[in-house]
Amino acid sequence: MRVIGLTGGIATGKSTFAALLRARGAPVVDADALARAAVEPGTPALAEIARTFGAEVLRPDGALDRKALGARVFADPGARRRLEAITHPAVRLAMREETARLAAQGHPLAFYDTPLLYEVGLEALLDAVVVVWAPRDVQRERLMRRDGLGGAEADARLAAQLPVDEKAARADFVVENAGAPEALAGKADRLLADLRGGRGRRLPNAPPVRY
């Protein structure tokens, strides 16, 4: 089974596109949900986090206190690397297990929906990457309208992310979503046809396939 990464930027329409893929019978796995499950109470990863960072990163019920952990690692690159050394292998194991489950069901391909695909280095585990892209001014306008933000707030949120143009430059497939949402349906059909037909990683120095 082929494993395809699906990512994008804030307000580019990735979630809408993921829903279109699901509606067409393609499994779309929420990679963030896998990451949360990997550090649930009773998991080896959570036990290692507590040993590394102390019991203060746990809530009274034994669950991970994400706010407390975030405060520990936000401004400390060394602490962040120690955390990633624990969580990344756990997430990769969860991905392999989910991939095996879907393959056993006979699916020829599956998508992993993850906003931070490039930021956490997941592309090495994937057969291809799809980026849902929109111009920055469109992202900004959508973000302001969707979340009721002012321009400065929207700009700050966009600045906190890896630019979607950079993600698109690294992708194998780019789904352009600057227009009306209904235009995405045909693009989902074309992407699935290409992937089911065997299209995958682009050649070095070749541009991504754009829809």
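Here the Cβ of each residue, glycine as well, is placed from N, Cα and C on the backbone.
Swiss-Prot lists 3-206 with the feature domain 'DPCK'.
Look at Swiss-Prot and you will find ALA11, THR12, GLY13, LYS14, SER15, THR16 tagged as ATP binding site, backed by sequence analysis. Cβ-based neighbour count (10 Å, all protein chains) for THR12 (ATP binding site) stands at 28. Under the DSSP three-state reduction, THR12 (ATP binding site) is assigned to coil, being neither helix nor strand.
Using a 10 Å Cβ-Cβ cutoff, LYS14 (ATP binding site) registers 24 neighbours.
The average pLDDT computed over the domain 'DPCK' (3-206) stands at 93.
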